[in-house]
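Taken straight from TrEMBL:
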{"type": "DOMAIN", "residues": "28-305", "note": "domain 'Deacetylase sirtuin-type'"}
{"type": "BINDING", "residues": "53-73, 134-137, 251-253, 277-279, C295", "note": "NAD(+) binding site"}
{"type": "ACT_SITE", "residues": "H152", "note": "active site, proton acceptor"}
{"type": "BINDING", "residues": "C160, C163, C211, C214", "note": "Zn(2+) binding site"}
Amino acid sequence: LSLSFLSVPFSFETGRHGSTGLFVPLSPPLDPEKIRELQCFITLSKKLLVMTGAGISTESGIPDYRSERVGLYARTDRRPIQHCDFVRSAQVRQRYWARNFVGWPQFSSHQPNPAHWALSNWEKLGKLHWLVTQNVDALHTKAGSQRLTELHGCMHRVLCLNCGEQTPRGMLQKRFQVLNPSWSAEAQGVAPDGDVFLTEEQVQSFQVPSCARCGGPLKPDVVFFGDTVNPDKVDFVHRRVKEADSLLVVGSSLQVYSGYRFILAAQEKKLPIAILNIGPTRSDDLACLKLNSRCGELLPLIDPH
Ligand SMILES: [Zn+2]
């Protein structure tokens, strides 16, 4: 295998606000031997399934929850919203949407980084059989990926809890602005789900619109903690795993069962598994190859042919 593609210059610092490095855990320098092993893994794969998690988006400036030191669990006392709290309580929804309204302009403006672009390129070149993401940030879609399942939904869509109608999140932002003409607040940090930090007073004056069709409560079209992934979607991904000949995990610690179950399925099928993630994962012992590197630094080095 030639490593000549290693000399191609590239940049992984894409954060416009200079925040990129803030959310990416420290990692050792790239090990040429490990790069060669990943290149081998990718070259041998004819039907590659890739599963991505929050770790692929930290280089786009979106913090994850679980990374040591830089993840939200380590830096703050904020915890993700629970599905049943959201569904049961109008107050919880008001607080959620107020924060989400403030965080939206920044959250929706994040751009794909070289790791997203690399995976989209692999798809175009026929290397990628299917891409499964646990992220809700739409960065794979922005990079042009189409053979894609968003396991936990997408923040860029809104769902009516009553009639099930789906609408674009951008449209809801306009409705928020009309209903809250004098309402303003400063975002003090954006979580992976687009959430921000606000005072109770700010929240209580925030007006939340309901479904334009039926008047039902609105929810982002994402799977909150405590909710389950749609069974049809799970079956769909299981079928893609059955068709695949290898599995690459990118930027996930695999702590959440909804993604971890596909690793177990791949293991049962005896698929070779490679894991690219800074820090330990739940499946390190199942992987034939583990790389502790920045996704956006490593993936563009791999030749998908
Ligand atoms: Zn509705």
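Residue numbers in this text run from 1 along the chain shown.
Glycine is no exception: its Cβ is also placed from the backbone N, Cα and C atoms.
Keep in mind that what you see is a predicted model, and the values were worked out from it rather than measured.
Considering only the binding-site residues G53, G61, the Cβ with the fewest other Cβ atoms within 10 Å is that of G61. Under 6 Å, Cβ to nearest atom of ligand 1: this is the test, and of the recorded positions S57, D137, H152, C160, C214, N277 it is passed by C160, C214. DSSP classifies N277 (NAD(+) binding site) as coil under the three-state reduction. Other residues of the chain with a Cβ within 8 Å of the Cβ centroid of C160, C163, C211, C214, the Zn(2+) site, are L161, N162, G164, E165, S210, A212, R213, G215, G216.
Sequence-distant neighbours of C214 (Zn(2+) binding site) (same chain, 6+ apart, CB under 8 A from its CB) are C160, N162, C163, E165. Ranking the binding-site residues C160, C163 by how many other Cβ atoms lie within 10 angstroms of each Cβ puts C163 at the bottom. Under a cutoff of 8 A between CB atoms, and with a sequence separation of 6+ in the same chain, the neighbours of C211 (Zn(2+) binding site) are C160, N162, C163, E165, P217, L218.
All protein chains included, H152 (active site, proton acceptor) registers 23 other Cβ atoms within 10 Å of its own Cβ.
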